[in-house]
């Protein structure tokens, strides 16, 4: 049946090589036949060619890959599909019964949507013959084993009957391009066949001409060995084998008249002619079956010996009897013929076959097989992998059985048989074919994996089939022609391998050199450089002087051609390292008509395309000189492009990336004292410009009366934000401030009244002895005209004896603060009078009071709800809890407590005014160009946690950090299109590092505005003019981190205040070199980039991304892995991934920060790290797919077929452009883990209350999966002109935003298991990681958990250190919560 896209887990190791790229370039220019040794990578050249063709051809055209056998079709399809996962591919072979597809609609359905078809030659030839497929549908035809394209072969039929006539009639545009692949360009010994193959395929034969030495380096020619044996006497079987002799005797004496077919013909007079013919020829079905069976038995005897022949006869007779009993297996056989064959063979005496003999002499073998055993015994058994070619299928099965049971081989070799996939249903043999086709399905995979180490096969394994490199290949019979010799020898391509041919001692044509000489003669017809090898070696010994010199513009640094190679290799060595990528420069050469050479060098794909490829300027006689000159020109280009400094060294970790010299900045710095705004006010009071703001105090959101006051200052009063003051659990006060207004012509006496009133309020709520100084900085007064203040003061200043107040019958609701002078004037709140009459003439008056609140910081909610008394006297309380004081010892303030309570709020108001003055000053000076709308965000940004204010900078710093990283990343990306990702990353790190930001804070004077003083509410005293005048500023210690944090917090505050534009202005204030507004984001990124190559892309998948690219080359770049070296016009995705990383941070952090539930900075950081975790992004990348309809053909009856429909997923990762089997193997391994863990991870993301740390650590996806997400984000950002909105759409499309919302809305626990363990443990817990080497050369990881120097347990066998640590942490959580019944973190 047809195979569709699949993976080949054990594809042969492969690394990109120069000669493969050379062959690719040649195939793009003309039709060629790639002639290279077996194992040198021809199929991978074809894969590159297919990829290139699909990028440029019309999407309705097909690439058709042709192979001579079904097995080879299946193998090549696996290679193509696994290396081009984005391409829909399929096979069409006889296994699909294509010969029965007689309807055009069937063919249309089969080909619909597929871009690559792999089939045998006959399938395409027949389809073309019947018009089901037209030559115009084909973009590229690839002929594997192209030497078959001769004479009447179906390959030649395709060319002669369809290609050439179409070419003649309509021209080259009407026919597909041609590529042939072969390791043996001639089949027989006639070298003229090379020209015939070229003509038939309309192609020229090419072998790598410029890198022959590299080709030989990777192609290991085996040691050729002859194995001699004494041939068996053909007539000796009669006496040597009783069973075979009896079989032969019975066959010789077989009476044709007893044949059921003859007897049937004799009974019918109409069949007289057929009867005569049968009697004359002696051919009937039964006689032919027996004849072939006897011949095969004799052949096995001669090849393998008596035991094998008797085994074959015994097994064949048993198989026949089993088939006769099985009506399904016997099919259409004639019952009489079945009975006749069974009866004939039943008379043959058969020996008992013993499979478990320990005596080698019990296995009577032929001299030829004995020679084979001796050879195998002498072979190196370490990592043995062998292949034995035999002539006949029956020999395959018999030899496999014999090797599997013989004492010399059964313990040493794991044998398997292989005869290919020819349609066995077409064979009419019911006797003697012992091979079970189903048992060989896994043979090749078992051999590649090492489960089998010796295959016995027919010539079906000569051509194309991808096998692991063999250490031993044996031809049990001489190769029939040159093609077989070359192909079989090519199987032995392991280093120090052996290719053996068995010869009888009486063979006169056993000279192995005959094949070698003939092969060399054929190859020379198309390989000129082989004949010139000696002269080239002589030329390379010449010493050519390369006179080139480069001097740094501002230094005395010099580069000569002799130094250029070392410098260029060093430049490549310090590029950002990438797995699966060879970072070395690649040199190639071209030759002119004079035989001179010119070099070309290609640098790794992370280097900008403009300087990635450099050609030499002169022609040279030697490769060595050409390389020197080319390396010099390349390094000169790097210098001129700005990637090398004036010292002629790479920029990485050099001063060129530093914007400021920070030296070694200490972690603790001496900085300015906190700015004190009262000093300016102190001087302003000498000639005040009185401003006042009306204050309104409401209790419980306005329920009840208002208290109105005024705040007075000597100069402009900044707007103050409303304040909420928490009296107790049920009572709050809201303090609002009206806009300040100037009050002209306030006499000095009125100012003094204000000072007295301010002192009165401060004293009314204090038990301390107040200072006589009244030169307060901020003044407070009731909401009256200044002319009325004197009268108000006369009314409420002072106190009266309690007895006097009692006697006046004063309104309890207007009672002032009670002061018990027996307790040194301790204040109380009046509750009620208590009067006791001991006698008629004497009454004792007492006061039941409530304790005066000790709390002074009303800005924070109180922690104990019952710790305060209520203000409202109507609230009942138990008298037993209230102190009773004697009226005679008390006085009561004239100022009612309902007014005096304002004195408790003055400290908070003054502190709020102070911080507002600091923020206003900062806004109007350092931040004057930032255009903050409000100082509220500035206040938050400059308040350190140490100040213990209601808000601090931590949340804004979290936001500002990402905004700064985003802005700097954008600026460097757009400003330096010549910089690779390494320079960009280091340049960004230089700018956003704490020392650089701390220096910016010091340079601008920001350090003075950072609030670190803590409000001491209990010891607070109102600031006085006399204290501030003449005060000398001091210094304070501050950490570098705090300085940097405040800069980032101000950036975050600016973003909250006015969006990105305000944030960019703030960044520019502290980092003048960052000016993103000055960068044209729409044109800067592509300003020096050449046009990228085309790249096939699924249109529906592009729609699924949620963004339509104006410049699709950006999407191509976003999908180009650094290993993709075949496209020198497109840079790898590393730059876009660098930018996308910052874009993703910006999108995620904004969503976290702006969520309705405000979280502390620590929680936001944990959420961010969980959401942008590389394994989560990789999982979403693997999941990001569309579903497409896939049509296929199913057989509904014997001759009927129907089109079936199914759905298949097309994932984004399939479109990543790469090269290299290492990356492919890693990709497939990650996808296998994804398939195993998908349900668990997906379920966790949708339902679990915890983040799936454990499952994601086991996923251990390669980084390129998450890189693709970030690089596509970067591409969208660039193409949209720096617009974050379409980036947010893509993040939504991949499912990341949905999971982030779930985390934020439902409080998903994102703590890392290790953090959970540390929180659960009452003592320090240590995780000790260890790398454990494995026998296969790899490594696993283990992690032990230790508590108080005792080891709790060890987790072993983990793929990575992260998995080991997370698994250990999960187990530790179980251990620590084993008695609680549930764990705080599931293993999800």
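Along the chain as shown, the residues are counted starting at 1.
Cβ atoms here come from the backbone N, Cα and C positions, even for glycine.
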>> Quick check: of 1137, 1365, 1371, which does Swiss-Prot put in the same Mg(2+) site as 1267, 1270?
In response: 1137
> Which residues, sitting 6 or more apart from residue 1270 (Mg(2+) binding site) on the same chain, put a CB under 8 Å from its CB?
Replying inline: 1136, 1137, 1140, 1141, 1143, 1144, 1177
> What's the CA to CA span in angstrom from residue 36 (ATP binding site) over to residue 1267 (Mg(2+) binding site)?
Replying inline: 36
> Where residue 41 (ATP binding site) and residue 1267 (Mg(2+) binding site) are concerned, what is their Cα separation in Å, rounded?
Replying inline: 29
> Along the domain 'RNase III 2' (1098-1281), what average pLDDT does this model show?
Replying inline: 90
> What kind of secondary structure is residue 37 (ATP binding site) part of, going by DSSP in three states?
Replying inline: coil
> Near the Cβ of residue 40 (ATP binding site), how many other Cβ atoms are there if near means within 10 Å?
Replying inline: 24
> Got a sec? Which of these binding-site residues, 37, 1137, 1267, has the most Cβ atoms within 10 Å?
Replying inline: 1267
>> I need the neighbours of the Mg(2+) site defined by 1137, 1267, 1270. Which other residues of that chain put their C-beta within 8 angstroms of the C-beta centroid, in sequence order?
In response: 1133, 1134, 1136, 1138, 1140, 1141, 1266, 1268, 1269, 1271, 1273, 1274
>> Long-range neighbours only, meaning 6 or more apart in sequence with Cβ under 8 Å: which ones does residue 42 (ATP binding site) have?
In response: 34, 36, 181, 182, 183
> So which one is it: of the recorded positions 36, 41, 43, 1263, which has the fewest other Cβ atoms within 10 Å?
Replying inline: 1263
